Amino acid sequence: MNIAHTIFGVFGNATALFLFLAPSITFKRIIKNKSTEQFSGIPYPMTLLNCLLSAWYGLPFVSKDNTLVSTINGTGAVIETVYVLIFLFYAPKKEKIKIFGIFSCVLAVFATVALVSLFALQGNGRKLFCGLAATVFSIIMYASPLSIMRLVVKTKSVEFMPFFLSLFVFLCGTSWFVYGLIGRDPFVAIPNGFGCALGTLQLILYFIYCGNKGEKSADAQKDEKSVEMKDDEKKQNVVNGKQDLQV
């Protein structure tokens, strides 16, 4: 295996591990409060599916020289499974049913891909089938921050887009993109090239808006207006009281 190929793969493992562990802060809060509050559980089973498909694609009988792809995505699959189970434990009944349904579909999709690739396909056909499946869900995973980027542009604030998370999205996408180029593997290079581009856009947005306080939310503006009205009422009451004393 090419030394540069290995170096970028190891670096990709490190940055991807950071991204997988990033939601642990959210889950500490969920466990502490014994509630999922307003957090969405959808990203975790979807990321789990991406990890399972990518880990499967990296296995030697599917694609050669991609063991590092399997190791990090196998680790990610374990981490995401833990997240899903915690979310299911603390979620309200309606949300629990929805997330369990998505989780079941994820396992069904992965099982279908694995069984078809094992018993119906061989050689390049197997690699093509598994690679396409992994690529589609990798792009979907990388595209998930688009809503946050839109929020940043709308509010002119980076409050909901932490710098280090954006940085590691960029580093992870870039390292695996180069890894795919060196290994001449389009199924690794293409989705991670997309991730590299999105990470770059996130960093550009961060540096454009990092000095802004941003537009306040409607609720915050409403609260401030309410406080101001109460202050005005107090001042008016004081004035009226003084007038009564003078009379």
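Any Cβ shown, glycine's included, is placed from N, Cα and C.
Per Swiss-Prot, the features are:
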- 1-6: topological domain 'Extracellular' (TOPO_DOM)
- 7-27: transmembrane segment (TRANSMEM)
- 28-41: topological domain 'Cytoplasmic' (TOPO_DOM)
- 42-62: transmembrane segment (TRANSMEM)
- 63-71: topological domain 'Extracellular' (TOPO_DOM)
- 72-92: transmembrane segment (TRANSMEM)
- 93-98: topological domain 'Cytoplasmic' (TOPO_DOM)
- 99-119: transmembrane segment (TRANSMEM)
- 120-127: topological domain 'Extracellular' (TOPO_DOM)
- 128-148: transmembrane segment (TRANSMEM)
- 130-213: domain 'MtN3/slv 2' (DOMAIN)
- 149-162: topological domain 'Cytoplasmic' (TOPO_DOM)
- 163-183: transmembrane segment (TRANSMEM)
- 184-187: topological domain 'Extracellular' (TOPO_DOM)
- 188-208: transmembrane segment (TRANSMEM)
- 209-247: topological domain 'Cytoplasmic' (TOPO_DOM)
- 221-236: compositional bias 'Basic and acidic residues' (COMPBIAS)
- 221-247: region 'Disordered' (REGION)
- 237-247: compositional bias 'Polar residues' (COMPBIAS)
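Proximity of the transmembrane segment (99-119) to the transmembrane segment (42-62) is established through 3 or more Cβ-Cβ distances under 8 Å for residue pairs spaced 6 or more apart.
In this chain, the transmembrane segment (188-208) lies out of contact with the transmembrane segment (72-92); the count of Cβ pairs under 8 Å, excluding pairs fewer than 6 apart in sequence, is fewer than 3.
Just going by CB pairs under 8 A, the stretch in 42-62, 163-183, 188-208 that sits most against the transmembrane segment (128-148) is 42-62. Residues 84, 86-88, 90-92, 95, 98-99, 102 of the same chain sit 6 or more residues outside the topological domain 'Cytoplasmic' (28-41) yet have a Cβ under 8 Å from a Cβ within it. The list of residues near the topological domain 'Cytoplasmic' (93-98) in space but at least 6 beyond its ends in sequence, with Cβ under 8 angstroms from a Cβ of it, reads 36, 41. According to DSSP, the topological domain 'Extracellular' (120-127) comprises 5 helix, 0 strand, 3 coil.
Sequence-distant neighbours of the topological domain 'Extracellular' (63-71) (same chain, 6+ residues past either end, Cβ-Cβ under 8 Å): 1, 5-6, 9-10, 12-13, 54-57, 127, 130-131, 179, 183, 185, 187-188.
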